[in-house]
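S.K.: Mind having a look at this structure? Questions to follow.
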Amino acid sequence: MNNNVFVYYFPCQRWLAVEEDDGQLSRELLPVDESYVLPSEDEEGGGGGDNNPLDNLALEQKDKSTTFSVTIKTGDKKNAGTDANVFITLFGTQDDTGMTLLKSSKTNSDKFERDSIEIFTVETLDLGDLWKVRIGHDNTGKGPGWFVDWVEVDAPSLGKCMTFPCGRWLAKNEDDGTIVRDLFHAELQTRLYTPFVPYEITLYTSDVFAAGTDANIFIVIYGCDAVCTQEKYLCTNKREQKLFFERKSASRFIVELEDVGEIIEKIRIGHTNTGMNPGWHCSHVDIRRLLPDKDGAETLTFPCDRWLATSEDDKKTIRELVPYDIFTEKYMKDGSLRQVYKEVEEPLDIVLYSVQIFTGNVPGAGTDAKVYITIYGDLGDTGERYLGKSENRTNKFERGTADTFIIEAADLGVIYKIKLRHDNTKWCADWYVEKVEIWNDTNEDEFLFLCGRWLSLKKEDGRLERLFYEKEYTGDRSSNCSSPADFWEIALSSKMADIDIDTVTGPMAAYVQEGPVIPYYVSVTTGKHKDAATDSRAFIVLIGEDDERSNRIWLDYPGGKKGFDHGSVEEFYVAGLDVGIIKKIEVLYEMTVWTGDVVGGGTDSNIFMTLYGINGSTEEVQLDKKKARFEREQNDTFIMEILDIAPFTKMRIRIDGLGSRPEWFLERILLKNMNTGDLTMFYYGDWLSQRKGKKTLVCEMCAVIDGEEMMEYTSYTVSVKTSDILGAGTDANVFIIIFGENGDSGTLALKQSANWNKFERNNTDTFNFSDMLSLGHLCKLRVWHDNKGIFPGWHLSYIDVKDNSRDETFRFQCDCWLSKSEGDRQTVRDFACANNEIRDELEETTYEIVIETGNGGETRENVWLILEGRKNRSKEFLVENASGQRRAFRKGTTDTFEFDSVYLGDITSLCVGHLAREDRFIPKRELVWHVKTITITEMEYGNVYFFNCDCLIPLKRKRKYFKVFEVTKTTESFASKIQSLVSVKYEVIVTTGYEPGAGTDANVFVTIFGANGDTGKRELKQKMRNLFERGSTDRFFLETLELGELRKVRLEHDSSGYCSGWLVDKVEVTNTSTGVATIFNCGRWLDKKRGDGLTWRELFPSA
């Protein structure tokens, strides 16, 4: 400053050119102190030379500026593109960028063409919060008119990506004629993520012959706990590749990358191996970054002094480097600069890993393609490495051989996962990998990966890339949260139970909320109109009782897919606050499935599970096979929502035998209640296969709780009597399902009979089924046939089922046709057990009476009771109290008695009296007995009647003083419930929609579910009628045992016929015996080509 004249210095040192740097033609500059520009008294030449002070300012200037990535979408309309010069202005709350020409697109040389996407870089100083974008053009060129869909502005340093919708013309002859528009951001579409930080990366090329390279160099930076940045290529164009990385040079780059934390443990550098001279000899790498409080910087030095070349050294083009020293510069409070140099303590070791890959000994197992591997450990990963040179073989990856490769990398710690892939080149690209062994040459740790999979587009599931986990690994196999489904599966696991929500950052922060978080299933149906589609992000907010609401729950796709197509049905699993009013999952279970350690033990088949418990059973559900589950010697853990039917009794597992690997060796399954921690184990240890083991695709496993099996094993003998009428025999295949108090048997095929020709007229055929879990008291039997053979019609007399362990036989009387041409033309029948008719003849029974005395008063006197039932009234039951240790009715105790009586029917009330003994003196003060509860169990059928008394009953000498209690709760036993199962006809009315093409030619099936069970899958068919036409109403009658209250209907078709797609309006089901009708609205397509592509629907009763 001279004579009050201020001089400001604004260094730039950047290109203003379309073809250079980031393509910007304008820059905003910051002033600096003159010491950075003017030479000192003992220097000449100013801020130039090898130690230019301005070089150290680049990182600080980058930190004070904001780099925006601007993405512009041109519309998909006729003449939507423009030849004009386009400009943009970004407006923040503190400043704006001014008019910025968009000249250098990163995606297309011919910019702003129809339906194209352009990406530009705009760098500016702090604008504050961005709130508006002005976009326009100068109306020059042959076709200046332009239709803009949207503009997206991404600021990595802020961790924010904002969308500015437009959807209008910028043209003189379109819309309102304007060529400049102001766009405002859609707040709901703003995407937040962890902000990036600037790094100054300097790479030093060695002073050796041919040390320079024309290839493009990339870098990956690793922090603690395997946190790393993306792979970043340092040169933005080929010209920079030729200018940088010359012999004995330092190439400096300022880049914005993910923040890896306070400690940098290693870096990975490599190049593309392209250009005239791709080989490169690197001396060392410096990484400089600002300190957290921005009052200084630290520089880490990574020594290398190695070739990255396919013709030098070990012929590798990738190196991992660990830091040797740290140089820290920090400004103190007095303005002085403190410089500290120190060596890195205990850096990671550089380790040689021996990787041995075994190619399977099956036809066509070898490959000529290029193979790549990525090794993952708890300290990081190797990045993808090309397996080029085998240490022991010239011709790699041949059938039945083992190839060894050496990979140099920083210590990975405990290796738990590998990724294998090939590029599918050459003539014989298909590859079958048997196993992979990895040996740490430093500490001699060995890791085994059992593979047994094809990497082929033609075999198995057509994948060229697979993940494999270490043989002993028991941790989480869903390491990446790529979708909301993955997130809630991890978030709801027991491992996340103690997480502090205040510490959650990044994308997960949007999901985490104070209070219990539960999963929700969301289905979004977009309208069929062309304009109904959207590219926007969608979200839901859940509002519950007391106006409690969740955060915005974004419905995002994995893999970056955006938007909702017209007519589409999209499904999401998301996590959100439990708001109460939305029906939530009753019980969450953590399910772990162990696949056996046998060759070929993994499967590609679909796996289905049915669970049985004391309180009922679940429907059959399919186990999700995402993330390469159910592989050899692998335990897969995932979250399942299961009805509250615990304690469990058994589990049925079924596979469909489809896929390239149709067999599965199931070891065991563990269920853990995530609320209570209760564990239930199911053991199997055999094949599910049509060729191996028990040669079955279905297995049943007994539940084991605390080492105790919850069910007993038995064998059943099934005797089938065919009627003695003309044409009664059948040539069809017959099947049954037996239902009992412990669930059902699953489908049993009646194949091997003592009679060579089964099911002939007036014959009895016997079938044996051994090693089955006991069903207890049997109540129902379903029988059907497949209507095949020359004479499929069958008249069945009865079926007897003998439980050999109980020596008890249950009869199921039929006396009707199972035929498409006789009777009511049904081939599926349900029958109740005829043994239950004895109940109506019951005259006497025994009642168990349990009396609980409260703390309000005990008694030494007698108690009498009279039970009131719907059929009879009992005689008086007198309980004479004893003395000494046998005395009843003490405080806080429970006493049990048995009482023989006539059968009373359902008990409705109870009379209780408190009676003094004959010789008992009653004082003037009142003596009372506190009766808390009384529970009565009818012993013959097990019906339980509960009375909540909680009353003080005074002591009296006469029986005219007593208390009457009404029954509080009744638990109807299984044996009692099955007596009410009678055959009922249901009328099923199906209404087809009115839209064009709504009718179907396919075969249609229905299953009706009620409180007492289901009908099984029934075909809806009528002779000589064209069913399910557009706008038609079709009626059918199904006979089955009474279902009780109807809960849902499953409607489906087999996609056969010329026009199989079907639009169902509704289904109405009427119980003809009671006249009660239940309507199930649908209004959706069952069509592989429309909506969500499903050919089945589950419909629930309309309100």
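For all residues, glycine too, the Cβ spot is worked out from N, Cα and C.
Any TrEMBL annotation is an automated prediction that lacks curation.
The annotation domain 'PLAT' is assigned in TrEMBL to 1-30, 66-184, 197-322, 351-469, 587-702, 714-832, 845-967, 984-1100. Annotation source TrEMBL lists region 'Disordered' at 38-57.
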S.K.: Could you break down the residues of the domain 'PLAT' (587-702) into DSSP helix, strand and coil, giving a count for each?
M.R.: 0 helix, 64 strand, 52 coil
S.K.: Of the listed stretches 197-322, 351-469, 587-702, 714-832, 845-967, which one has the most C-beta pairs under 8 A with the domain 'PLAT' (984-1100)?
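M.R.: So the stretch in question is 714-832.
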S.K.: Would you mind giving the whole-number mean pLDDT across the domain 'PLAT' (1-30)?
M.R.: 70
S.K.: Tally of helix, strand and coil residues over the domain 'PLAT' (984-1100) according to DSSP?
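M.R.: Across the domain 'PLAT' (984-1100), the residues distribute as 0 helix, 62 strand, 55 coil.
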S.K.: Taking helix as H, G and I and strand as E and B in DSSP, count the residues of the domain 'PLAT' (66-184) in helix, strand and coil.
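M.R.: Split by secondary structure, the domain 'PLAT' (66-184) comes out as 0 helix, 62 strand, 57 coil.
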